[in-house]
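Beneath this line is the structure, given in structure tokens, with notes to follow.
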């Protein structure tokens with residue numbers, strides 16, 4: 001075949017709107033390669049659709065043979081005739097194929113579908129199924145060249161799209177509807193059993209042709225099993241029996257899912273929830289295994305794109321799923337599927353949302369952060385996530401955006417401002433720098449900067465030279481004493497209580513959020529040239545003497561605390577420090593105020609007028625049990 005004339009179109013894409021094509025949105029294909037995506041540079045662009053990848057797919061034509069193929073380059077996947085195209089692989093396009101750029105089974109209004117029409121006479125003749133004695137063209141889901149002569153009042157794809165079109169009746173015109181030709185048995189090469197047909201044709205036959213008891217069922221097709229994936233790339237392979245047909249016919253006829261099933265369906269895997277987790281604050285729910293893969297590449301909710309703060313188990317929904325499966329045991333996942341999901345589950349307890357590094361997207365809000373919403377598991381996709389690695393793992397590659405290792409070079413010490421980098425020191429930099437993580441070693445995520453570090457907490461119990469990695473009170477992990485936290489604005493998220501840097505604003509509202517009483521304390525310290533650090537050291541000394549009390553008897557000046565636990569205990573000590581200031585050392589305007597009935601427990605003391613009128617550095621006297 002001679003080279004194609006660029007001015008003469010070799011194909012056409014018509015937008016599908018329900019059962020009709022939109023003639024106003026027909027696109028003629030001239031170029032050798034036609035790209036589809038969200039980028040504005042694509043030939044067919046969807047700039048406002050977040051479900052479309054930047055470069056979603058591309059349609060190419062072989063100028064010599066005239067063959068047209070589609071290559072998927074997306075994250076969410078491209079669907080042709082409701083069969084998933086494996087990423088980075090090509091799929092031959094034939095006259096009448098329906099291309100789903102966006103396919104949502106439970107949200108058909110969001111579907112973006114196009115009908116491909118070949119305008120190349122050579123390609124039509126190449127796929128002409130004139131031979132009805134078992135020709136290869138009939139087995140590979142081809143259409144008649146008579147399509148060129150038909151009107152497009154009601155175009156039909158080459159495979160069954162019963163959820164999109166509403167005309168299941170047979171047609172006397174071959175080429176408009178492949179199902180009609182197949183029902184007569186001629187295009188299947190004389191085979192009377194659908195189980196002897198190729199998987200591509202098997203997928204194209206509607207439910208009404210598979211079983212006489214299932215006529216009239218127009219529900220969406222059941223989810224294909226994964227063994228179908230390699231059939232789409234080997235169209236000449238015809239198995240002795242089709243397991244898909246056997247699987248579908250052994251179950252109840254396809255029906256629309258009931259409201260309860262829709263409510264209990266995970267939008268990522270499109271199956272009933274398994275080990276359900278909820279995201280906070282939006283409270284959307286997903287399978288724990290599904291969201292485990294998602295959270296490694298995006299910190300946004302898959303449903304509403306709201307930033308996720310916490311991940312929690314949803315026990316109520318888990319109980320509802322169990323009750324639903326008791327009534328519908330046929331919808332239960334297989335044992336192999338459940339074991340696979342349990343192995344991929346990384347959410348074993350309530351946890352904070354880990355921080356995700358987004359460095360490979362060239363557009364804000366790129367859908368490359370979206371999870372693979374398909375039937376293809378992670379082992380068959382090239383976007384599977386590696387094991388968690390930190391800067392001490394062997395083979396770790398430091399990105400240009402990676403912060404410098406702790407401790408930083410000495411020439412930068414003088415240029416730091418308070419809060420721009422860790423402000424406290426550690427006694428274990430040498431041992432930390434020499435450590436190398438074992439292969440696939442355990443890691444823990446810092447609560448402050450959300451960066452991974454080696455989990456050596458158990459090792460520290462036997463080796464005091466290993467730096468502390470968690471708070472003594474809340475047991476949350478922090479990396480500051482291990483190798484220095486690099487989060488901007490961190491004052492030192494983990495340190496001994498006496499070395500904690502609480503910041504200059506730690507005295508604001510320090511006394512039960514009572515700004516008036518807090519200002520009295522600040523003025524008292526300023527008049528004597530004292531700082532909050534001096535007050536903390538005096539209070540810790542009073543704790544040692546037994547004068548001041550803390551709620552946890554383990555806390556002293558050397559106890560390793562995080563910033564939040566340290567600030568909370570600092571406020572407790574500050575109240576006792578203010579309570580022990582002699583009245584003679586305070587202004588008369590302060591000591592002349594009567595005590596509030598509610599004392600330190602007063603909920604009105606945050607109001608300036610009430611705080612100025614009454615003293616709240618006292619105990620409650622009214623209604624005290």
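Each residue, glycine too, has its Cβ placed from N, Cα and C.
From a predicted model like this one, the values you see are computed outputs, not experimental measurements.
According to Swiss-Prot, the protein has these features:
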type	residues	note
DOMAIN	34-85	domain 'FHA'
REGION	123-171	region 'Disordered'
COMPBIAS	140-149	compositional bias 'Polar residues'
COMPBIAS	158-171	compositional bias 'Low complexity'
REGION	205-229	region 'Disordered'
COMPBIAS	206-216	compositional bias 'Polar residues'
ZN_FING	266-305	zinc finger
REGION	350-386	region 'Disordered'
COMPBIAS	362-380	compositional bias 'Acidic residues'
REGION	401-427	region 'Disordered'
COMPBIAS	411-427	compositional bias 'Polar residues'
ZN_FING	594-616	zinc finger
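Counting same-chain residues at least six beyond the ends of the zinc finger (594-616), those with a Cβ under 8 angstroms from any Cβ of the stretch are 511-517, 575, 622. When averaged over the zinc finger (266-305), pLDDT in the model lands at 87. Applying DSSP to the zinc finger (266-305) sorts its residues as follows: 8 helix, 10 strand, 22 coil. Summarised by DSSP class, the composition of the domain 'FHA' (34-85) is 0 helix, 22 strand, 30 coil. Across the zinc finger (594-616), DSSP assigns 9 helix, 2 strand, 12 coil.
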